[in-house]
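Annotated features, as they stand in Swiss-Prot:
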BINDING   R28, Q29, A30, G31, R32, D78, Y160, T215, H333  substrate binding site
SITE      D78  site 'Transition state stabilizer'
Amino acid sequence: MAHKLLNDTFLRALLRQPTDYTPIWLMRQAGRYLPEYNATRARAGSFLGLAKNPAFATEVTLQPLERYPLDAAILFSDILTVPDAMGLGLEFVTGEGPKFARPVRTEDDVARLAVPDIDATLRYVTDAVREIRTALTDAQGRQRVPLIGFSGSPWTLACYMVEGGGSADFRTVKSMLYARPDLMHRILDVNARAVAAYLNAQIEAGAQAVMIFDTWGGALADGVYQRFSLHYIQQVVSQLKRDHDGEKVPVITFTKGGGLWLDEIAETGVDAVGLDWTVNLSKARERVGGKVALQGNIDPSVLFAPPAAIRMEARAVLDSFGNHPGHVFNLGHGISQFTPPEHVAELVDEVHRHSRAIRSGAHAPA
């Protein structure tokens, strides 16, 4: 069922349509920097207890929107839900992060991999999407802001699946990639089909935009990235539903460390490309030539600076992009758990204030 969006600025920016100001949301905007998030997580008992309970997931998704006038909500979940649904036995170990009880390292392990039944294994995610959409909507059927769904990229998921958790050097997964590229391609093919099915299920449930997080694409060499990450992102994008309930569903992809490949990422069929803080936004806009919207890209560490410095850096990002359609303001990576919440308020306010001044002509970017 379609709802009237009270604020569609984010979706319009993704589709490179004119907006009155630059919309902003933050990667990991529902997270440990917020005391209310930590209180809800304590009630849930664990991270997975939070992520797998639609009521808790809805609660924490909405928390940043209660504090800040953000222009989009993003589903609270984790990129590792998909390999968990494949039966790899996900757990979060205190102080160590995610671990898989059954990593994928042998021919037999790969042979056992299959696209999970999304409705049977990941129903808690689609239920959360529906509950969040309901919670964002008032009695008159008006929805506050759009909801973003997401998944990890096939390569990024493979990193965790083969390593058995996080890694500093990706030795195990890269060893497989170079020694047994056939096995790696089989893993990535399953992952691509699973990610596409997962994102389509989120769209069916009510996600109004979706994002593919290629967190570890930047760990790959040039040439290797194209074959083992970008190719499979393109495979996912080609399978996605791009319209639902009569509305376009924009697709964003973000390869951390992927500035070198911006032109190629822009050719995958996505509507927007996320950028980390190492990329010059003005040059990036010239490179993509209006083909895609751009999302980003302030350094998350700016949020540890005093308010005046935060505002100055926000203006610099906005001035770099200039008075053009197709910019969504975001961090260049996820927000740190140590970020002072009041500093986020300064950032959101300055992005809205300064971008309105740029649009009105009251401020001309240098």
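Placement of Cβ uses the backbone N, Cα and C atoms for every residue, glycine included.
Shown here: features listed in Swiss-Prot, placed on the structure.
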| residue | record | CB count, 10 Å |
| --- | --- | --- |
| R28 | substrate binding site | 18 |
| A30 | substrate binding site | 25 |
| R32 | substrate binding site | 15 |
| D78 | site 'Transition state stabilizer' | 18 |
| Y160 | substrate binding site | 27 |
| H333 | substrate binding site | 20 |
By a three-class reduction of DSSP, R32 (substrate binding site) is assigned coil
Greatest Cα separation in angstrom, residues R28, Q29, A30, G31, R32, D78, Y160, T215, H333 binding substrate per the record, works out to 23
Students should find that the Cα atoms of R32 (substrate binding site) and D78 (site 'Transition state stabilizer') sit apart, in Å rounded to an integer, by 14
Reduced DSSP state (H/G/I helix, E/B strand, rest coil) at D78 (site 'Transition state stabilizer') is coil
One should report the C-alpha separation between R28 (substrate binding site) and D78 (site 'Transition state stabilizer'), rounded to whole angstrom, as 10
Integer Å value for the Cα distance linking Y160 (substrate binding site) with D78 (site 'Transition state stabilizer') is 12
